[in-house]
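Feature annotations, courtesy of TrEMBL:
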{"type": "TRANSMEM", "residues": "A:12-34", "note": "transmembrane segment"}
{"type": "DOMAIN", "residues": "A:62-280", "note": "domain 'ABC transmembrane type-1'"}
{"type": "TRANSMEM", "residues": "A:66-87", "note": "transmembrane segment"}
{"type": "TRANSMEM", "residues": "A:99-123", "note": "transmembrane segment"}
{"type": "TRANSMEM", "residues": "A:129-148", "note": "transmembrane segment"}
{"type": "TRANSMEM", "residues": "A:181-202", "note": "transmembrane segment"}
{"type": "TRANSMEM", "residues": "A:267-288", "note": "transmembrane segment"}
Amino acid sequence: MNPKRINNIATAVIYGLVGIVVLILLFLIGYILFNGVPDISWKFLTTPAQAFSAGGGIRDQLFNSLYLLVLTLLISFPIALGSGIYLAEYAPDNWFTNLIRTTIEVLSSLPSVVVGLFGYLFLVIQLHLSFSILSGAIALTFFNLPLLTRSIEESLNSVSDLQKQAGMSLGLSDWRTITRIILPVGLPGILTGVILSAGRVFGEAAALIYTAGQSAPIVNYANWNIFDPSSFLNPMRPAETLAVHIWKVNTESVTPDAHLISSASSAVLIIVILIFNLSARFIGNWLYKKMTATR
Amino acid sequence: MKEIQNKLLTKSKATREDHFGRAICYLCIGLIIALVVCILYFITSRGIATFTQNHVNIWGFLAGTNWNPGSVDAHGNPEVGALPMIVTSFSVTVLAAAVATPFALAMAIFMSEIAGKKGTKFLQPVIELLVGIPSVVYGFIGLSVIVPLIRKIFGGTGFGILAGTIVLFVMVLPTITSLSVDSLRAVPLSYRQASAALGANRWQTIYKVILRTAAPGILTAVIFGMARAFGEALAVQMVIGNAVLMPKSLVSPASTLTSKLTTDVGNTVMGTLPNNVLWSLALILLFMSLFFNLLVRFIGKKGSIKK
Amino acid sequence: MKEYNLEEHSIVKITDEVEISSTDLQVYYGNDHAIFDASLEFPKNQITSLIGASGSGKSTYLRCLNRMNEKIARVDGKIMYQGTDINASGVNVYEVRKQIGMVFQRPNPFAKSIRENIQFALKSNGIHDKHVLEERLESSLKEAALWDEVKDELDKSALELSGGQQQRLCIARSVAMRPQILLLDEPASALDPISTSKIEDTLDELKSHYTIIIVTHNMSQATRISNYTAFFHLGHIVEYDKTKNIFMNPSMPATSDYISGAFG
């Protein structure tokens, strides 16, 4: 065969394979949305789940997912920020820094089920936190930290060195230069990273099954006392999230309308994550423009 | 002069600020390191309890084919052969990576060599979206589309390695693709120009120059994909059938390390053999994750020396 | 390039009052010896130019004077300022940099408003009195000859200014700290001729209050603005004298070759 023919065939094969991938994605999204969206109703979103009969909603699961997300970000963001600043600004170029980077890579490559099991062992059993939102949030923090740290480090590194020199040359402390000059410039990138990580946290289930638990007790949404066991804000109650709910109704439950619940819940999950992804792009760009151009 | 001298020689607010900032950052990074050490320690100490406390033979654990931790075999040894799960885990991992790699390479070549900016702009979100879909959703679709389809075609239950492979294939595809794109883009433009100047056509350039230069990077991408597949729990657990049997065919129910862990940790009592042996499975997962990490480092080092 | 005997040099002792001086300064980047035995004295309230080809070490030397090479390079030797060796290890580098300001080759205003650019460092140093802040804002912008152009839009982002305006803003930002010395690292090399001449005029005004040390590529700039000039070559200071002596009557062969354009 002559080279030209091979070139044409290869190109055709590549186009074909790319086409298949695009079709797979279209199928996935289409399947979820077409099956799920018609079943999403206000009632579905606002009624509690039913274990043995049809017609249950996802009110508590949806709230739990959001609450867990907020708590996770509250715990993981400050730690990731400090670590990201350390790696981007303070870390010297030596074997110890290399070791730290390796450690973070190891953490990020651990399977989430292993992180979840560690959470179970350490938080639920050792620290007696029991199956609770707090255990879940800390476990998700383990899972979230390495990626968030890396994205913060990258955002800070992308800020021009000239800004740091300007701060230094005015006699500002490194810390003030970093927090008040470099950080604001890197903010759009950091925010994008946080929102993207929020999407991953929102969909995570394996790390939660044995930390936040698999049950969603009925809570009182009018009780704002976080220490009251029946309050919706109490972080010490078990909390099944939306992703865990999908897994549970498909594998262990006897709910008659499991398929309907899962497809509608999947659609909700995907839509929320889509919103996260789109807003990450949008907010990042918007903030960047706002910071660099006209105020 | 005296005053200025004094200022130059004494610590100021800025000095204290810097000490404070450094302390905070050291604390944060210290927390992460302590966490990783803790994870390694806890999982390891739990994982080896099977062998130190319950005196299970390591070989019997790794090579045994009967899994029934509650009972003992004819010799009085507990039946904790994990080989079926190990084999299944490796099978789905290798198969998924093998299927996904051609697709991922095609995507990567398309994005970096063929499509202009427009094509990339369209495919980039496609990949990000595939990454963003949660694993339970993949599992759910596998359960409601792939499993029935396999049942229709091959008979049986539909659960098994084939279903697991298909689900994992879609899940590792974006991982391998995006890392491959990075390594193809890292090939200097001058290589392409040199190749074109010698009269090579596009495919010859891609195949003989670009893919070869990017080979270590692509290998790294595949390993990352395999690491993801090996560690994936719920999506696989939903479609694999969860029967601890030596897999006889691609369409018979089986069980991976991760799927066994998710199903059983809640059903066993802490400190007993059936529970301990599950932690040993987790230890295998941990080791494999570290192994994949090492492999990536090793390839990275070799690749960089060659350049 | 011709080989010169770099052990030979001609460095004059200045007769005016000395503001800052270096003695036997050595700079190492890892194992690379970048600056050799640099000893210079800079006259108070005058402009000194550092000239030389790229890579001659003039910028590296300049950055030693306010400890900007910290963590980048190892600097041995003495830098005497106000009777103190500011290169010693116990010295408060933040205080050093407050007294010895620096302006860089590329304009680097903060991504903040013009007002904040000037006032941020002041506030960080504990100046919160509104009157003082506003007074400093106005006076430093005037000193940098920028006031008339920006006085009506002080809350505009500094990144919207032109390159030349940004550079003058950076000068104003340094001046607002009320330093004793201003170090400028090729401040006009990224600018057009009109902006350059504005900066040169500004520097001429500033020298009545500040000691100015400027690195420049541009020899006519050095002759136009500076009182003294030092010529750097391959990490050595070859010649240091009054500017007019350096350009009219250089005593070292390397200097005369450089100013006549034989290399550089």
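Numbering starts at 1 and runs along the chain as displayed.
Each residue, glycine too, has its Cβ placed from N, Cα and C.
Curation does not apply to TrEMBL; its annotations are automatic.
A contact links the transmembrane segment (A:267-288) to the transmembrane segment (A:12-34), because at least 3 Cβ pairs that are 6 or more residues apart lie under 8 A. Listed by sequence, the residues of this chain that lie at least six past the ends of the transmembrane segment (A:66-87) yet keep a Cβ under 8 A from its Cβ atoms are 97, 100-101, 104, 133-134, 136-138, 140-141, 144-145, 148-153, 155-156, 178, 183, 190, 194, 197-198, 201-202, 208, 212, 232-233, 235, 239, 241. Sequence-distant neighbours of the transmembrane segment (A:129-148) (same chain, 6+ residues past either end, Cβ-Cβ under 8 Å): 64, 67-68, 71-77, 79-80, 83-84, 104-105, 107-108, 112, 115-116, 118-120, 123, 193-194, 197, 200-201, 204, 207-208, 210-215, 234-239, 241.
If one looks beyond the transmembrane segment (A:12-34) by at least 6 residues along the same chain, the residues whose Cβ comes under 8 Å of a Cβ in the stretch are 263, 266-267, 270.
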